[in-house]
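Participant: The following block contains the structure, expressed as structure tokens.
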Amino acid sequence: MGASWREMGRGLFDLLLPPRCLGCGTQVADPDALCPACFSGLAHITEPFCACCGLPFELGGEGEGERLCGACLGTPPLFSRARAVWRYDDASARLILGFKHADRLDSVPGFARWMARAGRALLAGDPVLVPVPLHRWRLFSRRYNQAAVLAQAIADAGDLDYRPLALVRRRATPSQGGLGRGARARNVQGAFVVVRPDEIAGRRVVLIDDVLTTGATANACARALLAAGATGVDVLTLARVSLEET
């Protein structure tokens with residue numbers, strides 16, 4: 001009976017305020033969804049991709065699940081695997097920046113659902129979810145940490161362990177925007193520290209963020225988490241930047 005009333009209530013709500021596309025606002029059939037045009041306009045990441053960092057390969061081939069990109073072969077990252085929903089381009093940037101800077105928190109349920117799908121292998125086996133932290137001054141100005149909001153939604157939907165305070169950013173760092181690979185790595189070197197090691201020691205961590213660019217921030221976080229006793233670190237993001245764009 002309770003479920004029936006909830007379904008009726010939702011049906012009435014959808015009739016009065018029909019679901020809208022998260023991208024363009026067009027009416028859609030289901031809440032927390034994209035219309036066909038917006039969905040097809042996004043560059044969804046599918047195999048083949050690098051088994052480590054998740055970089056999409058332009059050409060397929062045999063043994064796709066074990067292939068590594070040149071960057072991971074040359075300098076393996078500290079994290080084990082990274083996965084993302086989309087390539088970072090103009091279409092995905094509009095969605096992500098609206099969520100990040102324009103209070104589009106209505107996008108979170110859909111984002112979390114797509115991230116959980118892209119990161120199925122990462123989320124299996126009872127990991128602990130940890131968001132990439134903001135420095136307290138940036139958090140104060142922005143009012144919420146987009147990585148923490150995503151991590152909370154993924155954890156709630158999948159009944160996963162979520163530890164938002166285990167990792168902190170101990171110093172403010174300039175924005176990574178516009179910096180090259182080397183400068184990004186130097187910018188975040190030593191910026192993160194685990195303050196609650198008991199929450200992650202002996203556990204595999206899935207680090208949550210909105211965008212993976214060069215992997216500098218993810219590497220800096222992974223270094224701190226591994227030093228505090230994490231057995232491994234994986235990374236799950238909404239989007240990732242292609243190497244040629246970094």
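Every residue, even glycine, has its Cβ placed from backbone N, Cα and C.
Since the structure is predicted, the reported quantities are computational estimates derived from the model, not experimental observations.
According to TrEMBL, the feature domain 'Double zinc ribbon' maps to 13-73.
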Participant: Summarise the domain 'Double zinc ribbon' (13-73) as counts of helix, strand and coil residues per DSSP.
Facilitator: 16 helix, 5 strand, 40 coil
Participant: Could you pull the average pLDDT for the domain 'Double zinc ribbon' (13-73)?
Facilitator: 86
